[in-house]
Amino acid sequence: RREAAEEEVDETPQEKKLRLAKLYLEQLRQYGESRLAPGVGAIGGAASGAEPGPHALPAHIPLSLQVQPPDPDSIRVLRGHQLPVTCLVISPDDRFIFSASKDGSLIKCKWEVESGKRLYVVPGGKKGTEEQHMGHASHVLCMAISSDGKYLATGDRNKLIMIWDTATCKRLHIFTGHRDAISGLSFQKGTHQLYSASHDRCVKVWNVAENAYMETLFGHQDVITGLDSLSRECCVTSGGRDGTVRLWKIPEESQLVFYGHQGSIDCIQLINEEHMVSGADDGSVALWGLTKKKPLALARQAHGMQDIQGPQQPYWISAVAALRNSDLLATGSHSASVKLWKCGEGFRKLEPLWDIPLVGFVNSLKFSTMGDFLVAGIGQEHRLGRWWRIKEAKNSICIIPLKQKAAAPSPEAPDSS
């Protein structure tokens, strides 16, 4: 009991009441949205045709039971980037994909999901010329899109954050202030508040609508490698080789520290307001609850071991993705496959589902809002460095359809892929 008590995160009764109330309201709101959404068969939990009970909140939707194993032949490949794709996001209406790469002349692309057409390209330039042209002048490492689809934020190795109008792809503003590469960006859901993480070990908060800097958060002892947020006024970060995952509570100006991985923690994403998933270069994938300091579940060597000379090493986990408010996860490495996982037993177990063959470094993974497809950003190199190069890989964006099992009729349109 003493050990269990030590694992519990310190929280006052008032903080706990406020947290649970916010969580309940958010789940009710999302549940209402899912009931109104056209794809309710996929996300609303009503695929069986039965009316959900009053306690059927979105955080517990067993979506993994409804998805068929993806067909490798149905994967669509979008080509256009000359160098490795480093990051991507999907618009909230699932119609467009925005992507970026290491390519100095082809920094940011806008793609149409249905047709696969490249709609817009923002050219880059040489370092120091950012004010003279539209694009970045160094590798873009991260991007985020606001939940209303109005703003896109991109961050690069040259310490700059650029804000774009998603409709016109015009640059609106440049944020400066970080002292090293920008490694993570996320908009708080339902707002225009932007969180940014950097290799300078700090997190900054910005108001994009007013082009304003708000505050800086300190705590990590090594470069921050990833960041994510949802509706609550907080964000989570992965701290590289300092071995920690952190939850930052913005109004309280406090942070919670989580330990579990043995290697550098390279990627992180929230599953819902109470759980998150992270991946590390020791090959492990961890499932966390925000009230426990240690992982609820840990899959070691999640993508197997590399067949290289010398001591065997596990494949690095380079990307993680979670279908929000469900039990479906995806992880990427350079092991020639993307893996789908199920969160079992109330988020206390990680169960592998299927492998999807994809050759190359999986530098970014994102589920569509409705959960009907998964997008992977593939490169011949890792997004942060050039440790290995997979020559046979194609620098591309892969759209992986996730078809629903035919247990219940769905009002969605036929699969266009």
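Backbone N, Cα and C atoms are what each Cβ position is placed from, and that goes for glycine too.
Pulled from TrEMBL, these are the features on record:
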- 78-106: repeat 'WD' (REPEAT)
- 133-174: repeat 'WD' (REPEAT)
- 175-216: repeat 'WD' (REPEAT)
- 217-258: repeat 'WD' (REPEAT)
- 258-298: repeat 'WD' (REPEAT)
Surrounding residues of the repeat 'WD' (133-174) on its own chain - C-beta under 8 Å, 6+ positions past either end:
86-93, 96, 98, 100-102, 104, 107-108, 110, 120, 122-127, 180-187, 189-192, 194, 196, 198, 206, 208, 211, 227, 383-384
Could you pull out which residues elsewhere in the chain have a CB under 8 Å from any CB of the repeat 'WD' (78-106), counting only those six or more residues past its ends?
112-114, 116, 118-119, 121, 123-126, 136-145, 147-149, 152, 154, 166, 360-361, 363-364, 366-370, 372-373, 375, 377-383, 394-399
Close approaches to the repeat 'WD' (175-216) from elsewhere in its chain (Cβ under 8 angstroms; 6 or more beyond its ends):
141-147, 150-151, 153-163, 222-233, 235, 237, 248, 250, 384
Which whole-number mean pLDDT does the model give the repeat 'WD' (175-216)?
96
